[in-house]
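One structure below.
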Amino acid sequence: MHILTFDSHQKLHESGAGIIIGMVQTNPRAVLGLATGGTPIGIYQEIVKSYQQGIVSFKDTTTFNLDEYVGLPENHQESYHNYMNTHLFDLIQLQRSQTHIPDGNAADLEAECQSYDKLLEQAGQIDLQLLGLGHNGHIGFNEPDHALTGCTHIVELREETRKANARYFDSIDEVPTHALTMGVGTILKAKMILLIVKGGDKAEIVQRALKGPITTDCPASLLQTHPHLVVLLDSEAGRLL
Ligand code: F6R
């Protein structure tokens, strides 16, 4: 595990973007696993800048997102489809055929999960999986539990996760109760994992995830078993390490 701590968000964002851009420059056909939420926005902004400067092209790149809410229309402001289009895909001219996000409005959600896994299998291994970290240790929407699921599945969001995400909605009642998420098995199969964490409110969970016991009570602790994990932290998030 390589842990890098930054005293400036700008440097952290540039470093994260640099790793992803370097991957695509070396392998233009790379398969990228992408995350949403507040954490990666600065990294996506740096990627867009490099794209606009002609430093990198994504024309042969494929992407798979970790998760999507159930029942939120794709064009809803807070859907992860809308997030990705707004923050990245439309700005680096990724065609919809190159991108994949689970369909949280599918009539048959179980079948949707299976077909997402099939698409992942057809694409081969994810070359780089970008991750944020939930306050309760979730990765993707794999919430703490007595057991975790390997493949894409429907998950009931924990109250604390809905509360954390309520900041983007008018009220907590509007935050969906369920989501589709890639499983921990798929996440751990990626060739490289890039975990990004910012903010002192996550210092404790960073400590548990990276240095604590490996347990399904903290899904991110399973990342300790990955042979190529790179962690980028701001100094507040890393203060207990
Ligand atoms: C998002 C995702 C989540 C977030 C996590 C942290 O696609 O899978 O695991 O990475 O909830 O969210 P932020 O970055 O908003 O603190």
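Cβ atoms are placed via backbone N, Cα and C, with glycine included.
Summarising the annotation, TrEMBL assigns active site, proton acceptor to D67 (among others). The Cβ of D67 (active site, proton acceptor) lies under 8 Å from the Cβ of T36, Y80, P102, G140, F141, A179, L180, T181, M182, each of these being in the same chain and 6 or more residues away along the sequence.
Taking Cβ-Cβ distances under 8 Å and a sequence separation of 6 or more, the neighbours of N136 (active site, for ring-opening step) in its chain are E143, P144, R158, E160, T161, I205, C218. As annotated by TrEMBL, active site, for ring-opening step applies to N136 (among others).
The Cβ of H138 (active site, proton acceptor) lies under 8 Å from the Cβ of P144, R158, T161, P219, A220, each of which sits 6+ residues away along the same chain. H138 (active site, proton acceptor) carries neither a helix nor a strand DSSP state and counts as coil. Per TrEMBL, the feature active site, proton acceptor maps to H138 (among others).
The active site, for ring-opening step annotation in TrEMBL covers E143 (among others). Other Cβ atoms within 10 Å of the Cβ of E143 (active site, for ring-opening step) number 21 in total over all chains. In this structure, E143 (active site, for ring-opening step) belongs to neither helix nor strand by DSSP; it is coil.
Under the heading domain 'Glucosamine/galactosamine-6-phosphate isomerase', TrEMBL lists 19-226.
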* To do: Could you say whether, by DSSP, D67 (active site, proton acceptor) belongs to a helix, a strand or a coil region?
  => strand
